Amino acid sequence: MTDPHFPDRRAFLRQTGLAVAAGAVLPSTAFALPATAAEADSDPDALFKAGKLSAAERGYRHRLRRRPRDARAHAQLGYIALLSNRFGEAEKRLSKALDLQPDDVASAQRLAECFVRQDRLSKAVPLLRKVDRPRDKALSELYSHISGTPWQLRGAKSAHVPFVTLDPVPAVEATVNGRRGTFWLDTYATLDLSEEMAQEAGLRAVTTISGGVANNQPIDISLGVLDSFRVGNIEIRNLPVQWSNARRPPLPDGTSAAGAFGTTIFYHFLTTMDYARKALTLKPRTATAPRARLVDRLPLWLAGDHFPCTVGSIGHYGPRMVTVDTGGIGVALDTTVQIAERAGGITVDRDHPIEQPGGNKLYPITAKRISLGRAVGRNLPGHAAEKVFPGFPGPGQSAMFGFDLIANFSHEFFKPYAITFDYRSMHLSINRG
C-alpha cells in the first residue's frame, strides 16, 4: 500500500523483489482495444505495445504462417496466452520459443510463471535454476522446499469476512499457523508478513533475497513455507510466504498490521472486495460472479503473479490499458503529468509537490472524470508523476509489461462498488454497492 508521505510499500515490494513472482510478465488476451482493418496487417509488436492485443495475436499467427520457426512470434503468443491464463497455449508456445532460442530468459521466466500459477511449483524449479539470476535462484530454492501438494484448500468452500477497517485501505483478520492478526488487502501484494508475525508463527527462512532498501536502509527478504493460512473458515496449507522488517503503515488504532495479502491468494478463488458493504468474499473459482446491480464486466489480465490489468479511461482519453492496484492510500488514480495534460479534465497542483527519491516529484491531482467501463468516478484525488520511474503503478510499469499503461486505478475509486476478480474467465466485474 502506498502513502506518498510514508515509505512506499508497493514500490518497495517491486524494487526488492519482495513480491515473489517468477518474472516480470507482459499482459493480455483475446479481448483487446479495437484495431482498424489497416492495423490488423501492421507490425504485431507495435500493436501489442499499444494494447491492441487481439490484433497483435492475429499478427503473430500470420507471421508464423510465413515463418514457422520465428521464435519471437512463438514467445509473444505464449506471453499473450499467459496473461489471460490460457495455460495450455502458453506452455506450448513458450516451450517452442525456448526450443528455438534456448537463451530466451524472458520466455523461461514466463514458462516458470505459467507453472507457478497452476501450483505446479516443481515444474518451475529447473526453469528458474537455468535462468541463474539471484532472484530466480532464490525462488527455485523456495519452491524446491515445498514438498507434497502446495496451496491445499481445506475447510469451508466459501468465506465472507468483514473488513476491520475500510481506510486507509481495507483490512481483515486472518490467522498464520493459528496466530491471529490483521492484514491489509492489496491487489499488488502476494502474502507478505511482518517480521513479528513470522517469528510468532515459527517460520524458518529457506532462503533470502538481498539488496532490498526500505527507509533508505538495506534489508533482506526472507522466503519460507507456511503450514497454514486461514481466512474465515477457509484454510490454505503448504504455501510460499515472505517476510521482512520493513516498516508498514499502522492500523487506525495505532497497532501494527501482521502483513498484507492480495492477488496470489485471490486468484485461487472467485474473490470479491466489497467496498460498499465492507467485506471480503472468497468463493470457489468455479462459482459465478454476482450479477445483481452489475455496472460493468471488463476484461482482466494478470502480469507477473500479482499485477491485475484491465481497460479504463481518464476523461475522454481511452479506453486504454490500466493497472488495478487497490493499495493507494487516499488516491483513486496514479498517472503522469504528461498523460494528465493529454487527457484533460485533471487539475495538477504544482504548488505542493511531493518529493520522491532521485529528485522526481509527485503532484496532487483532482480528476474530473475517470472510468472503468460504465463505472464512473468524478472529482477524485490522485497523483501525477513528473517523470515515470520503475515501479510507479500504471505508467511506471509500461516498460516491464511491454505495453503502454495510462494509469493505475486505486482505493478511492472503488469505494462505491464491489469488485470481483474472476481469474478463471478473466473478467473484472464491478457492481454497485
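Note that Cβ sites are derived from N, Cα and C of the backbone, with glycine treated the same way.
Lifted from TrEMBL, the feature list:
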type	residues	note
SIGNAL	1-32	signal peptide
REPEAT	71-104	repeat 'TPR'
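Listed by sequence, the residues of this chain that lie at least six past the ends of the repeat 'TPR' (71-104) yet keep a Cβ under 8 A from its Cβ atoms are 25-30, 44-45, 48, 53, 56-57, 60-61, 63-64, 110-111, 113-115, 117-118, 301-303, 309, 402, 423-424, 426. Broken down with DSSP, the repeat 'TPR' (71-104) shows 27 helix, 0 strand, 7 coil. Confidence for the repeat 'TPR' (71-104), expressed as mean pLDDT, is 98.
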